[in-house]
Structure formats: structure tokens, C-alpha cells
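Feature table excerpt (TrEMBL):
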| type | residues | note |
| --- | --- | --- |
| ACT_SITE | 447 | active site, nucleophile |
| BINDING | 320, 321, 322, 323, 324, 325, 326, 344, 371, 390 | S-adenosyl-L-methionine binding site |
| COMPBIAS | 7-25 | compositional bias 'Basic residues' |
| COMPBIAS | 32-44 | compositional bias 'Basic and acidic residues' |
| COMPBIAS | 63-75 | compositional bias 'Low complexity' |
| COMPBIAS | 76-91 | compositional bias 'Acidic residues' |
| COMPBIAS | 113-129 | compositional bias 'Basic and acidic residues' |
| COMPBIAS | 523-534 | compositional bias 'Basic and acidic residues' |
| COMPBIAS | 540-550 | compositional bias 'Acidic residues' |
| COMPBIAS | 565-574 | compositional bias 'Basic and acidic residues' |
| COMPBIAS | 635-661 | compositional bias 'Basic and acidic residues' |
| DOMAIN | 228-517 | domain 'SAM-dependent MTase RsmB/NOP-type' |
| REGION | 1-161 | region 'Disordered' |
| REGION | 522-553 | region 'Disordered' |
| REGION | 565-661 | region 'Disordered' |
């Protein structure tokens, strides 16, 4: 509107202008004006004014020349447009007083704007230059070489609250140095100092105890260690397992998607798993869950059952069954055929086990409450086809579910767990029948990532029983340790599989599959030979003498037992006298008849299993043995220790005299 008003004021002045000036103005070639950057409103108003001016100057335009001269040379709109675009027309400026004033005003405005823009640009470039100089100065001051904090700085940090950003920065720097230690290490600083500082920072930042951090540092490189600990801080994805006894995975997925659940198939290695990303309804309270169409189960719990690969019509034992995820998966793979013994030692957990079995429609399972170590006595030795042992462990692979593991575990507790696991795996092996047509397999799994609970237990079982490791049948996973620090395990431990949260996005897990080769247990001598380790060469003569003394003492202690068992012969685990080995075996029918008749007098014949008593009752034979072999009264400990010292001295003197000779 301001532009249109200005053009209206210019209209009368343009009428008073002399025709000579107009002719002079029109004699030059018309200059093509630039396109004005104005809105449509302003253009419409200017067009109206141009039409009015054409009406007023019809007579003048006829004598001045062509229409193009009147439009471009004598049009006040062209002057306004030129003033708006910043063009300088010297010819118009000399003839028009008011026009030249407006042009000079517009030029001054443009010059002010240009000055301001130049000042802004200069200020910006100056700030950028100063910032770059400051950055270069900081880079020069802080060199690439990371320096460990001094003892004084550590003491100051101990008295202050932890600075978490500083701790995280230092952890990253130490990891960077350890990844390329030769090039980035501080002069004179050993690797041990960096590792110790990394342990302290991880303990302070993530809240672990010193034992667990030390165990993890021994197992993983620095970069992988930080990735593992970061993965423990994040929850694992929620997974479902479809119950194939009642539905199919596709049908279940369609129903849950209609209920607002965002899900997808778990992976290529599982045909029944679903991973849940988002849900609008509680997953554990849907009608499908209540009807037993699926089970809430972590992805790592699928692996032991897949490794076990149960077949139909088999006898299978689940030694630690609660809450029933693995047991129901086994029943689904067996299609409710055969028989499953689901054992759980803790009685309160039997409620969840039985509830899940009923909900999932499992009908081939017997629930029992025994200590796993006593199961061979209950179910029988060499009586089942397959055994699944998901052993109780420290839980170092499921820290994301239970953060109390960070501070509650110690070396003593790990040793206790390992001892229990060794007892359980021997019991599991004893229950399996090596002559089974379809089975003879034992699967051992834990939710721990420590070597003492995994590879060490399997290596112990390989030495104590006639078993071998076979491939797990899993297409992914990290191979187990064959050597770990000073320990050396059986080479077949490469067939075991480890799973980590930072690699496979599931809970830390270990799976091993054993096959029983024979129902006979290896002899004690063979197991002792397997457990022997080569002695180092730097053992002193005194230590050798002490070992020889201990061996002599153990031999003396066993002489009495050998005297008692001198006349007995071992046959199939039962003790019999040498005379009975040559006797003919009686038929079981005659034995039963003699038992039923109650023939116990001395004048009549005894059954075959009493023949070694020489016509005496077991009670009389025991009394005679007590008289013949009275109980030895053990001397006091002081006398035993003195006797041992005397023997040791005699052995040392004999060795010293032989060396002198």
C-alpha cells in the first residue's frame, strides 16, 4: 500500500514535466527492467495506476514516439521498480528532483543493509576462526597419549562422589590403549596398571564386585568386555514359544496381531519362537495364554531342548524342571508320547511346574520331588534314553534379569556350584542306558558364562565316565574353551557352544551334549591317570621327599584293608569267596522254593547265596568275624604325627646319604 501511495504522489509531478525531457528520455533505447520481487497485491495496484497514467498522457504519447518508449521511458512504475531493485539510472536522476530524492533514499537504505550484513559476516568469520584456534590449542595441550591417574588423584576421587562422565571417558580411553598397547601406552607404564585401573573404574561405574569383574577380565579382551557389560545393562527381547500340541505359530501370530501385539518370527533356527516388540494387552493374561497356546520363555531356553532332540516313545528325565518351559517343549516334540520324569528338588516350585503342565495340555509327564543326586536310586541305573540337566548355577549370564548377581557372587560360591554340578552330571550319566536304540544322550546346560561351571564340569565328566562329546546340532554359537589360562581341557570341548548377550542378543548360556558309550564305569586307576598332571621341573628335593613320605603312609594305611579282603573275589560288584566261583549256579526256581520253605537250620542245605557262610547263619558269621578281626583302636593323633615325622627323617637321611655316595 505504501508503494501505491508513493506512485500516486508521483503522478501529478510527472504531468508538469516538460515534453523535451520526455523526448530526451524516450530517445534512448529502453532498458529492460528487472523482475520486481513484489506480491500480487502490489502488482495489481501498480497496473491500475499505469492505466490511469496512459489515459492522462494520450496526447503526449502521440508526439513522443512509440508505445514502448512511453511504457519504459516515461512510466513512473519503472522508476519505482528501479528504486526497489537497487538499480542506478543516471539519466533519470538528472531530470527528476523528487525521483532522484527517492532513489538516493533507497540507495542509502541499501548501503546500510549491506554494511550490517558485512558486519555480521565479519563477526561470524571471526568467531569461527577463534573457535578453530582454540580447538587447535586444546588439541596441542591434550596429546593422544592417555596418562593414568596418579595416586594423589585417585585419593582425591575416593573422597568425592563418583564423577560418572569422567569414569566413562577413562574406561573408553583405557580400552583404546589396550587395543593397541604397543603404540599408545604410556612410557614406563606396564599393562597390569591399565588393567587394574580398568577394573576399578568398571566396579565404580557399573556396580560389580571385584571377584566377578576379575573373572570377566580374565575371559574377554578389553573391547569385548565392555560390550558384554553394556549388554548386561539392557533387557533382552521378550519371546514366546508356540505350543504345537494346541496351535500353529502362524495362527497364533494372527490372533495376537489382531489383539494389538507387534511381533515377528524369532529366527531361522526356531520354528516355534516369536519375538514381541510391542503390545497393547498383557502378554501373560490373554485368552490364548490361559488356554495354553504359548509359553513365555527366553530364547536361550530353547537351545538345550533343541540339542537334546527327543524322539517319540522315549523315556526322558528333566532333572531340574521348574517352572516347566523345557519340560513342555520336550512333551510337544514327543507329541505327548513316551514318558517324561520332571524332577524338582525345591517343593515350592512344584506349583508352577504342575500348573504349566496342565495349562499346556501335557499328559505324558510324571512330576517328582527328589534330590537330583539320588535320582539313579529312584529311577534306576541305565534306565532312561535321554537326560536333560539344566544345572543350578551362579546366574552370571542373566545379570540383565537379576542385578543382585553383580555383588552377591564370590569364589567360594562358584566352587560350591561347580561341586554340585559335577555330582549332578555323574548322576545324569548313570541314569542313561548306553544300549538305547534311539538315545543314550545327556545334555548339560547352565545360564552361567564362567569356565569353572561349564568346561571344567564337562572335562571332569569325560574323565569319570565312559562318555564322549558330540555336536550340539545348533547352527550358531561360540565354541567352548579348549584351554583357559593354565587349564587344558579335552580337545572335543570344541563341540560345546557358548552364547553371549552382546553377540547373539540372548541371555548368556552354555550347552554341551554327551553320548554314553558304555554302561561300565572306568576303573579308579584309569581315572587317576587321567587326572594326573605333569610335574614342573623346578620342584625341590624336599618337596619330592614329602611326596614320597605321603605315598608310603597311604600304602601303610591300606595294608589292613588288603588283609581283610585277601580271601574275597570281586565279581559284578558283589563279594564272594573263591570257593563259590567254581560252584554251579542253581536255578531261580529252586532258590525261591528254599526261601518259601524257610530252610534255615544247620542240618539242611542253605540257599546258594548263603553258601559262603559255611552252614552258619549270617548273625553267627558276623560274630565270628568280629572275634577274628576285632576293631582296631586308632592311636591318638600325636603318636601318628610323631611316627610320620620319624619316617620322613629316615627317608631324608637315606636320600642324603645316597646323594653323597
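Backbone N, Cα and C define each Cβ position, glycine as well.
Surface or core, plus neighbours and distances: that's what I need for these features.
The Cβ of residue 447 (active site, nucleophile) has 24 neighbouring Cβ atoms from other residues within 10 Å, across all protein chains displayed.
The Cβ of residue 320 (S-adenosyl-L-methionine binding site) lies under 8 Å from the Cβ of 343, 344, 345, 372, 389, 390, 391, 392, each of these being in the same chain and 6 or more residues away along the sequence.
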If the S-adenosyl-L-methionine binders are 320, 321, 322, 323, 324, 325, 326, 344, 371, 390 per the record, what's the largest distance between their Cα atoms, in Å?
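Greatest Cα separation within the listed binding residues comes to 20 Å.
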Given the model, what does the mean pLDDT over the domain 'SAM-dependent MTase RsmB/NOP-type' (228-517) come out as?
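Summing pLDDT over the domain 'SAM-dependent MTase RsmB/NOP-type' (228-517) and dividing by its length gives 95.
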Far apart in sequence but close in space: which same-chain residues, 6 or more away, have a Cβ under 8 Å from residue 326 (S-adenosyl-L-methionine binding site)?
301, 304, 305, 318, 388, 390
